[in-house]
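Engineer: Dropping a structure here in structure tokens format, bear with me for questions.
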């Protein structure tokens, strides 16, 4: 009993610690710049160490609880409670999110030190984290929706932080609009649950849906996850989101916004267990996403955009795990992915800052001599991303591909996922080769220095996580689904073989700059990849242009010509003109015409009287 009390109280204390810096901003006295260091970073750091207590209790005793704090709303047939669900998923995810955010906040202290609104920036980052915590620990759909909308609005504010830049404003609007599409799916699903199941409590939903056809609400949930986690069709906002400051990109892509959609499906996965249509949809959608975005990453030259596309590719892999009916593997990949993706963004931010805001990898090179720590950590995170054995990404990526390999599902999903895994190795090695190796390809700069503890310490902490976190999580989390225990050697080594194939391909491509096989290379495939499959041009340019053209035609032709000219006053005028012309022609003073008309009228009248 006392263990359960300690378990619940420490988790609620963690929320209190995180909200304390927000409450201090209610003071009308403006805080100084040390507020970010004294309050925000310290609060997240303290909350992380506090969250380790329930984590160790869970690992030791397996305790999972649901804490109901108060009743939000009560009607005759419908209750909404504010309750927190502390189970395997939330207890493991919370320390990881806090650890990653702690590193990002410390890095942001150095990265944003010249920003005049630095305190507000840190407050937004903290609110971003809190809303994600609310989403992760929610025990009902109403509370989950609060966290869902919270991460959405905070992402809009943070992506468009530098609102003086047109690209940042456009990226923020894209994020909101695409997420609105997903929000429609979640809202309609919640309405369906309220009408048909009469509850938003997750445990009651799982029980009452046992003999119910859940296809319609699950399609809404899939749409919601596709919007929030940037699946194919709703993906363009995620690469554009890198227009925000680098700490925002690191937090957004690692442990908050983009994994919210996948986490929604993990949390509500008991509803999907026996629905083959939804599972197949998730599998094919994830496979298509991971291949398409990995192919787009191959030809990008902006270092942050390459990393952003890699995030979208990994989200597709998580969706594949959902479609395989293995939600614990998707969750494992969320946890391991957070470490090396945050480190990749922090390393890229350090490099960009050192090179006077240069983001083109073609203008870098030779940084392993000038930034040895950053270069080493970039290499570690890139290898973890490719699934190098015994790094963090290996334990989750390899498990997903093994599960896909041994399942009796379509070969198309397996083929596309393996191709995407190979592409991951190609663009990761491309970053390493063009940024770290060879000679510098940039102009002479002031001496480059990375001897700042606020730069090195966060990156080193995340590097440790990228090395050992995968094994620690893999060994301590019990699977919720039965896993394949034996398989042939060729299936077991398929993932690492396609990764090696990708590395060899990338090494071969680096030599083709001097020994090209074709004088005029095929630019169609390159342009298709570089321009994201022409998707933004079609969706963001062609469709609005067509709508504007049709609107203009309707306004000028349909409204003006039809209503004003054909039906309105000009229409009446047009009807009267022929009659007027006929009368006018008969009244022109022509004697012969008058006599002829008189004669014809007289003859006609006489004939009629005689009859």
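Every residue gets a Cβ built from N, Cα and C, even glycine.
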Engineer: Please find, within the list 375-395, 396-416, 438-458, the residue stretch that Swiss-Prot describes as transmembrane segment.
Structural biologist: 375-395
Engineer: Have a look at 306-326, 516-536 and point to the one annotated transmembrane segment in Swiss-Prot.
Structural biologist: 306-326
Engineer: Any residues 6+ beyond the ends of the transmembrane segment (375-395) with a Cβ under 8 Å from its own?
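Structural biologist: For the transmembrane segment (375-395), the list is 310, 314, 332, 336-337, 339-341, 343-344, 347-348, 351, 367-368, 421, 424-425, 428-429, 431-432, 435-436, 459-460, 462-463, 465-471, 473-474, 495-496, 499, 502-503.
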Engineer: Checking distant contacts: for the transmembrane segment (3-23), what same-chain residues at least six beyond its ends satisfy Cβ-Cβ under 8 A?
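Structural biologist: Non-local partners: 35, 39-40, 43-44, 46-47, 50-51, 53-54, 57-58, 61, 63, 65, 67, 84, 86, 94, 98, 123, 126-127, 129-130, 133, 137.
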Engineer: Near the transmembrane segment (493-513), which same-chain residues lie under 8 Å Cβ to Cβ, leaving out any that are not at least 6 residues past its ends?
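Structural biologist: 386-389, 397-398, 401-402, 405, 418-419, 421-427, 429-430, 433.
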Engineer: So, do the transmembrane segment (91-111) and the transmembrane segment (277-297) meet, by the test of 3 or more Cβ pairs under 8 Å (sequence gap 6 or more)?
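Structural biologist: Contact between the transmembrane segment (91-111) and the transmembrane segment (277-297): absent.
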Engineer: What else in the chain is close to the transmembrane segment (591-611), if you only count residues 6 or more beyond its ends and a Cβ gap under 8 Å?
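Structural biologist: Same-chain residues near the transmembrane segment (591-611) but 6 or more away: none.
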